[in-house]
Structures are given as C-alpha cells and as structure tokens.
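What TrEMBL says about this protein:
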- B:GLY116, B:VAL117, B:ILE118, B:GLY119, B:ASP120, B:THR140, B:SER141, B:LYS153, B:LYS162: NAD(+) binding site (BINDING)
- B:GLU195, B:HIS257, B:HIS276: Zn(2+) binding site (BINDING)
- B:78-190: domain '3-dehydroquinate synthase N-terminal' (DOMAIN)
- B:192-341: domain '3-dehydroquinate synthase C-terminal' (DOMAIN)
Protein chains: 2
Amino acid sequence: MNMQQVEAGAGRRVQVPLGERAYEIVIEPGALRNAGALIARRLPKARVAIITDATVAGFHLGSLHAALDETGIGHETITLPAGEKTKSFAHLIDVVDAVLAARLERGDAIVALGGGVIGDLAGFAAGIVRRGMHFIQVPTSLLAQVDSSVGGKTGINSPHGKNLVGVFHQPSLVIADTAVLDTLSPREFRAGYAEVAKYGLIDKPDFFAWLEKNWQRVFDGGPERVEAIAVSCEAKAEVVVADERESGRRALLNLGHTFGHALEAATEYDGSRLVHGEGVAIGMVLAHEFSNRMNLASADDAARVAAHLRQVGLPTRLSDIPGGLPPAERLLDLMGQDKKVVRGRLTFILTRGIGQSFIADDVPPAEVHAFLKEKLA
Amino acid sequence: MNMQQVEAGAGRRVQVPLGERAYEIVIEPGALRNAGALIARRLPKARVAIITDATVAGFHLGSLHAALDETGIGHETITLPAGEKTKSFAHLIDVVDAVLAARLERGDAIVALGGGVIGDLAGFAAGIVRRGMHFIQVPTSLLAQVDSSVGGKTGINSPHGKNLVGVFHQPSLVIADTAVLDTLSPREFRAGYAEVAKYGLIDKPDFFAWLEKNWQRVFDGGPERVEAIAVSCEAKAEVVVADERESGRRALLNLGHTFGHALEAATEYDGSRLVHGEGVAIGMVLAHEFSNRMNLASADDAARVAAHLRQVGLPTRLSDIPGGLPPAERLLDLMGQDKKVVRGRLTFILTRGIGQSFIADDVPPAEVHAFLKEKLA
C-alpha cells in the first residue's frame with residue numbers, strides 16, 4: 001500500500017490470486033476504450049453478451065461497442081431497466097433466455113456493463129447458463145468497482161430478502177474505468193465511498209486516516225481516486241482469497257451490513273429514501289456505537305467515524321432516512337432474515353476501534369433490540 | 001471391483017473423494033429406514049426441506065418422515081408434479097420460495113427424494129439458495145442412483161434445450177436404497193440400466209461382460225443389484241474426481257448422450273415416446289455404429305451392444321421410437337445446441353470397441369448428417 005506515492009495518470013492492476021480462478025482487475029481512467037484488447041487477450045475468440053441497464057447504456061454502451069468492434073469481438077446486447085427491482089427471477093430468466101438464444105457457448109462470456117445490480121444479475125446468469133460461462137465485469141459505479149466486482153458473489157433478491165438467491169462465480173477479468181465515475185450523481189458516488197471507508201474501518205486505520213485527508217481528491221478524480229479504488233480492491237481480494245466461500249473471515253466485509261440490510265429492507269429498497277451505501281454508512285456508525293455500548297470501543301472512535309462520513313455528505317443516523325422506520329422489533333426481525341444468521345444467533349461485525357473490527361457470533365438479540373429502541377427514539 | 005464375490009444382503013459404501021466437497025454414497029436395501037441416523041451423523045442439528053414428486057411421495061415419503069422423526073430432525077416437504085416438465089424455472093422458483101419461507105439457513109439441507117428430475121431441480125435450488133446450502137440425495141430411480149446422484153450436476157431445462165441452466169453443486173450425502181427400485185415400472189428400471197451398461201462400454205469391458213451374464217439378477221434385486229450400482233457409482237466417481245468441472249475426461253460420460261439428447265428434444269421430452277435412458281440406449285448403439293462407419297470399431301461390437309440392450313428390453317434403433325422423427329438436418333441442429341459443443345465443432349464420444357471409448361472433438365457434421373439420413377431411411 002503506497003498511498004503517499006501517487007503518480008498522475010498511472011493505472012493500477014490488482015491480482016486476485018484464486019488458483020485456477022485467478023483474475024486481474026484493471027483500474028485506469030479510460031480503460032473502457034481498451035476493453036476489446038483486454039478481453040481478447042484474456043479470452044481469445046470469445047463472443048460476448050453485454051448486459052447493461054438503460055441509464056448506463058446511454059452513457060457508455062457506445063464506447064464499449066466501439067472497443068469490441070475494433071478488435072473484432074462479436075457481441076449481443078441485453079438492456080434492462082435500471083434499479084434494484086431488476087435483480088429478480090423475471091429478469092434473470094430474460095437474460096438466460098437471450099444468452100441461449102444467441103447460442104453463446106461455454107467458452108464465450110457475459111459482460112456486465114453497469115453497477116452492482118447489473119453485475120450481480122449478469123454474474124448469476126453467467127454462473128448458471130450451461131453451468132458456468134466466462135464472466136467479465138465492467139463496473140460503472142464506485143460501489144461496484146470497490147465491492148461487488150471483487151469476490152465472485154452474484155445473485156438476485158427474493159421477496160424474503162436481499163441477495164438470498166445466487167452463486168459464487170468469479171469473473172475472468174474486471175475492467176474498472178475510473179473516469180466513467182464522473183457520470184455518477186454525487187449521491188451515488190458518496191454511496192460507493194462508504195464501502196471505500198469500510199476497508200479502512202475493518203483493519204486499515206492508516207487508510208482511514210489517509211481518506212480523512214484526501215477524500216476530496218478521491219471525489220474529484222485523478223490519481224487519488226485510482227489509489228483509493230486499488231487499495232479497496234486489494235483489501236477485499238485479500239479477504240476473499242483467505243475465505244472464498246464466506247465460512248469465516250470474509251464476514252468482516254459485512255461491517256455495517258447487518259444493520260444496513262435491515263434498513264434497506266425496512267425502506268423497501270426504495271432508492272429515493274436509502275441506497276445500499278447509505279445503509280452501510282449508517283450501519284457502520286451504528287456498529288461503532290453499539291460496540292461502544294458493549295464497552296468494546298471508545299465513544300470518540302464512533303464520533304470520528306460519524307464525523308468523516310457526515311463530512312463527505314453521507315447519512316449517519318436513523319433520523320437521516322426520510323420517512324418513518326418500523327419499530328425495533330421489526331428491524332431485528334429483518335436482521336434475522338439476513339444470510340449471515342447461524343442457527344438463530346446474530347452474527348455481527350463489531351469493533352474495538354478504528355481498523356480493529358472482529359466477528360462476534362453470539363450477540364444477544366435483546367441488547368440489539370434495546371440499542372435500536374434508543375436510536376429510534 | 002470384486003464382481004464375482006457378491007455377498008447376500010451386504011450394503012456398499014462408495015466414497016467420492018472431492019477434497020473439502022468429499023461425500024459418501026450409501027448403497028443398501030432398506031437404507032431409507034436409516035436416513036435420519038445417516039443425515040444426523042453427517043449434519044448434526046440440520047433441519048431439512050424435502051423436495052419430492054407426487055408419485056414418489058405416495059411410495060416413500062412416509063418412510064422418510066418416520067426416519068427423520070425418529071432422530072428428531074425437523075422437516076418441511078414440498079411436493080411437485082412428477083415428470084420432466086417440472087425441471088423449469090417456474091418450479092425452481094416455487095422451491096426456492098418455500099425453502100426461504102421455512103427460514104432454512106446455510107447449515108440446513110435440502111433433501112431430494114425422487115428420480116433425476118427431482119434431484120436435478122432440488123440440487124439446483126440447494127446450489128443457489130443463500131448461495132449454497134447442504135444437499136442430500138435420496139435417489140429413488142435406478143437412473144438417479146447410478147448417474148445423477150454422482151457428480152454434482154444440477155439444473156433445469158430451457159426452451160432452448162435440456163439441462164442448459166444449472167450449477168455444479170456436490171451433495172453432502174447420497175442414500176441409495178436399492179429396495180425402493182422395486183416400485184419402479186419395468187420400463188423405468190430398464191431406462192436406468194442403460195446408464196449401468198454405459199460404464200462397461202466406456203472403459204470396463206469386464207463389467208459389460210458380467211452384465212451380459214448377470215443382468216437378470218440385477219433386475220430381480222439382491223446382491224447383484226447392489227454390486228452393479230456400486231460399480232457404476234465408483235466408475236462415475238472416478239471420472240468426476242479426475243475432472244469435476246467437465247473440461248476434459250468427464251465428457252466420456254456422455255457416451256450415447258449427444259445422439260440421445262437430440263432424440264429427446266426431437267420427441268419433445270414426451271416420456272410416453274422416449275425417456276432419457278432409452279435415448280441413451282439408442283444413442284450408444286448409434287455411437288458404436290457410427291464408430292464402425294468411421295472405421296474405428298468393428299461391426300461385431302456394435303451388434304453385441306445392440307443385442308444386449310435389446311435383450312433387456314431397451315430400444316436400440318431410431319425406428320423403435322413411436323411416432324415420426326424430424327429429418328437428419330434437424331437432428332443435427334438439435335445436437336448443436338447441446339452444451340458440449342465447442343465453437344461449432346461437434347464433440348462426440350466414439351469408440352474403438354467395447355470398453356474403449358474416447359473423446360473425438362472434431363467430428364465432421366457432414367459425416368454425422370449422412371449417417372443419420374441412412375438410419376432414418
């Protein structure tokens with residue numbers, strides 16, 4: 001992690017060393033223009049099906065088509081509606097049918113051009129068509145670049161909860177063009193930034209301190225943005241390599257997510273009220289405050305986390321969410337439906353301070369309930 | 001393989017040594033009565049969702065419930081319509097929803113009680129709910145005991161072809177009760193027997209010769225049945241361990257299947273005309289005859305294969321299929337949609353004689369076309 005020596009204009013490549021499923025993340029402003037060459041080098045002769053959404057297509061589909069045409073890569077495009085509701089069985093079936101209708105074979109690839117929704121859905125389709133096709137991620141949101149594009153988690157939502165159906169399916173290549181992030185709304189960029197900050201809070205206190213100083217340059221673009229994304233991808237890759245199937249350490253990545261998912265469910269995944277990264281931001285602050293309540297972490301650390309996230313413009317309190325929230329009982333229940341429950345006990349990521357998170361697998365639901373009641377008051 | 005020393009009443013256990021995904025196949029008359037104890041030993045404290053079909057439920061669900069109740073294993077049951085049409089996205093969604101509604105967790109298990117259709121569908125559901133739950137197979141057809149219960153292939157059909165959507169998901173345990181096969185119709189038993197014979201034809205000429213002598217006792221039940229099933233599971237396990245994801249040698253298991261799948265598609269998966277094992281029987285004879293046409297194998301071997309399969313009552317010729325077949329062009333096209341196509345060339349399993357099969361990945365479509373035209377004439 002050379003966070004001080006940031007060169008202007010330089011791209012970075014992060015290796016995810018997962019044995020025969022190893023792959024590379026190319027992080028560079030303008031990388032989309034080289035997508036054809038990057039894909040052809042990794043998968044010579046493959047044809048591709050591009051899965052994207054209507055919003056992203058307007059900004060970047062033309063560039064991707066041009067890059068593929070330049071290198072003679074045959075392509076089909078499937079454009080879906082933008083938004084979380086697209087992560088459904090109905091759209092999954094549409095994608096699967098379209099890929100099969102195009103007669104793509106096992107050696108061909110599905111390319112996800114979009115944010116986390118498109119990546120999760122397209123990756124799931126790639127994982128199940130012909131029991132597994134190649135999958136290439138071209139993440140166009142900050143959240144997708146630092147989180148969903150690393151680790152192989154794919155999936156859709158269920159009426160019973162978010163991401164409850166899916167597979168682990170590693171991509172063959174990730175192309176993270178840091179310049180495309182300029183087309184994001186400030187709100188969407190901030191939401192992704194919550195996950196960047198998360199890596200500092202998990203176990204990289206120096207990175208968190210660096211972000212406190214440099215966050216504005218990460219937002220503005222330039223070498224600090226590339227650096228922050230590369231450090232985030234490296235941090236996630238490190239955890240994923242240690243625990244690909246999420247049986248242990250990988251749970252650390254859920255810092256802020258147990259609370260966050262419950263809040264997303266409580267607001268019915270209505271992006272106008274709360275998006276994923278915002279839920280994570282509030283969830284991380286709650287995790288620090290709850291850790292303080294359990295006498296694990298200091299109140300100062302919780303305040304420092306809240307202050308930084310507030311500074312960049314993220315919500316940090318339950319009352320920052322517009323509209324009413326359900327009572328504490330219901331929020332607790334929504335946490336229980338989270339995938340990370342093990343036989344009725346709540347598994348939480350708690351912390352002993354900034355960069356000192358740990359997995360607590362025996363958190364008493366009654367304590368959480370009392371804490372939430374207080375916070376909702 | 002101790003095919004001569006068959007002890008009366010003895011069960012057999014076949015290990016499938018897939019590292020951290022290793023599992024055991026328990027092959028024994030009456031094993032269903034011990035299902036509770038077998039499951040509890042493998043997955044202490046797990047709850048289970050039983051997926052079955054209406055026909056199988058009538059015969060065996062009571063026994064399974066009793067066995068689970070005896071050991072205090074909590075269970076939910078989801079009963080689906082019997083038949084190939086159940087391998088659809090619609091029924092997959094029903095199963096996924098029911099398992100989530102029952103709030104089963106990652107450490108819990110889905111139990112498939114049924115034939116290949118139920119096993120494939122339930123295994124797919126187990127592979128995608130919470131990105132992978134435990135999966136236990138209780139195969140009730142001969143086909144499922146010797147083929148689909150070993151190897152981790154799961155999936156559903158698509159309008160574009162059979163088994164085109166699915167995942168690789170290994171079971172945690174397979175319980176093959178050889179006595180339940182007495183409830184099968186003779187036709188269904190024979191169809192499963194085609195896959196037993198296949199293992200001899202792939203690379204076990206002694207086993208094929210043993211079957212020619214002992215097939216009647218395999219049909220009648222008793223120790224020869226246990227033996228034939230155990231040898232088949234061992235044969236399949238050997239190939240699967242060498243090539244879990246079907247990139248190479250595993251393709252040998254498709255002997256008879258490229259023709260067979262095309263015939264199933266051509267008859268629109270109408271089980272009254274052709275069931276899978278029958279398609280494989282005809283396909284294996286065609287593979288031997290085509291190998292003879294290509295000057296690879298003798299006409300005598302092709303005749304010997306056809307004679308044995310005919311003797312047990314299986315169809316061996318295209319003209320054995322009731323109702324008309326589409327022309328050769330269409331059959332060839334249906335082969336092309338098979339998953340094992342690699343970039344437009346046809347991959348076939350051909351043979352140099354009984355027990356001498358090999359993967360031919362450059363079979364000229366024109367030769368196959370001419371051969372099929374002859375056979376259809």
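Yeah, the Cβs are placed from backbone N, Cα and C, and that goes for glycine too.
Closest to B:ASP120 (NAD(+) binding site) in space, going by CA atoms and restricting to the binding-site residues B:GLU195, B:HIS257, B:HIS276, is B:HIS276. Proximity to chain A (CB-CB distance below 8 Å) holds for none of the binding-site residues B:GLY116, B:ILE118, B:ASP120, B:SER141, B:HIS276. In this structure the alpha carbons, written CA, of B:HIS276 (Zn(2+) binding site) and B:GLY116 (NAD(+) binding site) are 10 Å apart. With helix defined as DSSP H, G or I and strand as E or B, the domain '3-dehydroquinate synthase C-terminal' (B:192-341) counts 108 helix, 0 strand, 42 coil. Under DSSP, B:LYS162 (NAD(+) binding site) is assigned to a strand (E or B) in the three-state scheme. The DSSP secondary structure for B:SER141 (NAD(+) binding site) is coil. Other than the site residues B:GLU195, B:HIS257, B:HIS276, same-chain residues with C-beta atoms no more than 8 angstroms from the centre of those residues' C-beta atoms, the Zn(2+) site, are B:LEU143, B:ASP147, B:ALA194, B:LYS198, B:GLY256, B:GLY260, B:GLY277, B:GLY279, B:VAL280, B:GLY283. Cα spacing between B:SER141 (NAD(+) binding site) and B:HIS257 (Zn(2+) binding site): 19 Å, rounded to the nearest whole number. B:HIS257 (Zn(2+) binding site) sits 11 Å from B:LYS162 (NAD(+) binding site), taking the Cα positions as reference. Of the recorded residues, B:ILE118 (NAD(+) binding site) and B:GLU195 (Zn(2+) binding site) place their C-alpha atoms 18 Å from one another.
Around the Cβ of B:LYS162 (NAD(+) binding site), the same chain contributes B:HIS261, B:GLU264, B:ALA265, B:TYR269, each under 8 angstroms and 6 or more positions distant in sequence. The DSSP breakdown of the domain '3-dehydroquinate synthase N-terminal' (B:78-190), given as helix, strand and coil counts, is 47 helix, 31 strand, 35 coil. Mean pLDDT, taken over the domain '3-dehydroquinate synthase N-terminal' (B:78-190), works out to 95 on the 0 to 100 scale. Applying an 8 A CB threshold to same-chain residues 6+ apart, the list for B:GLY116 (NAD(+) binding site) reads B:PRO139, B:SER141, B:LEU143, B:ALA144, B:ASP147, B:SER148, B:HIS276.
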